Amino acid sequence: MKRLGVNIDHVATVRNARGSFHPDPFTIAKHVIKCGAHSVTIHLREDRRHIKDSDVVKICKSRKIITNLEISLNKEIIDIALKNRPNFICIVPEKRKEVTTEGGLNLIKNKKKIKSIISLFNKKSIRTSLFIDPNLKDIKIAKELNATCVELHTGKISNLIKENKSYKNEYLKIKKCSELGVKLGIEVHAGHGLDYKTTSILSKIKEITEFNIGHFIIGESLTHGLKKTITIFKEITNK
């Protein structure tokens, strides 16, 4: 059974647009789980553009919500994650001017730092994932760093599919990375830019155990509601 994680960052984006308390990410997080999602993903960015520290505290504190907290390599953010003890953390690259995460981590450049961070989370029994581009070298490095999981960046294949361009090579990259990850004992997740069609295509890769989807689900739910949107994704991923 493949799992579905729902990123609710843009619930916070809507709230922050009016500087108010509504919609409340914590309330939506609980609703997402009731609607059938396995987990909730939130990204505490350094600039706090959507999710705030108080959101992290409330969501991580709830035992009814399996929380995947996305964080950068920033010490302040790492300390907040350690204090609040989510079920998972996913280390992602972060640039202040980007609209959304633009690519995977540079594991070679940040190897020593990432390994020490993973060690901190492992000691607290917090599972650690690395957000990486689909290449075999990074899968091998993730194993060296003692990461529990990797989340493969699916932005490129998503764009190719949406533009009706050939995506065969990118699909094979993701498939080979997924196979190697499982062979090395690493759990493989996928996320970024996913919609119904792209998720349907990638769900054929049996080694991928989890899809993390945010923007499309939040947007689609404005028309069809969270329950129906989440149900459709669960049906797609487990055909």
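Keep in mind that glycine also has a Cβ here, set from the backbone N, Cα and C atoms.
Copied over from Swiss-Prot:
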{"type": "ACT_SITE", "residues": "H43", "note": "active site, proton acceptor"}
{"type": "ACT_SITE", "residues": "E70", "note": "active site, proton acceptor"}
{"type": "ACT_SITE", "residues": "H192", "note": "active site, proton donor"}
{"type": "BINDING", "residues": "N7, R18, G193, G214, H215", "note": "3-amino-2-oxopropyl phosphate binding site"}
{"type": "BINDING", "residues": "D9, H10, R45, H50, T100", "note": "1-deoxy-D-xylulose 5-phosphate binding site"}
{"type": "SITE", "residues": "E151", "note": "site 'Transition state stabilizer'"}
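Positions of Swiss-Prot features highlighted on the structure.
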residue : record                                      : Cβ contacts under 8 Å, 6 or more apart
N7      : 3-amino-2-oxopropyl phosphate binding site  : V40, T41, I42, H43, G191, N212, I213, G214, H215, I217
D9      : 1-deoxy-D-xylulose 5-phosphate binding site : T41, I42, H43, H50, I51, G214
H10     : 1-deoxy-D-xylulose 5-phosphate binding site : H50, G214, H215, I218, G219
R18     : 3-amino-2-oxopropyl phosphate binding site  : none
E70     : active site, proton acceptor                : T41, I42, H43, L44, I89, C90, I91, V92, F131
G193    : 3-amino-2-oxopropyl phosphate binding site  : T154, G155, S158, N159, H215
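Secondary structure at E151 (site 'Transition state stabilizer'), taken from DSSP and collapsed to helix, strand or coil, is strand. Using a 10 Å Cβ-Cβ cutoff, H192 (active site, proton donor) registers 26 neighbours. Non-local neighbourhood of R45 (1-deoxy-D-xylulose 5-phosphate binding site): I51, S72, E94, each in the same chain, at least six residues away, with C-beta under 8 Å from its C-beta.
Least packed by the Cβ count within 10 Å, out of the recorded positions H43, H50, H215, is H215. Across the fold, the C-alpha of E151 (site 'Transition state stabilizer') and the C-alpha of H192 (active site, proton donor) stand 9 Å from each other. Farthest C-alpha pair in the 3-amino-2-oxopropyl phosphate-binding residues N7, R18, G193, G214, H215: 26 Å apart.
DSSP assigns R18 (3-amino-2-oxopropyl phosphate binding site) to coil, not to a helix or a strand.
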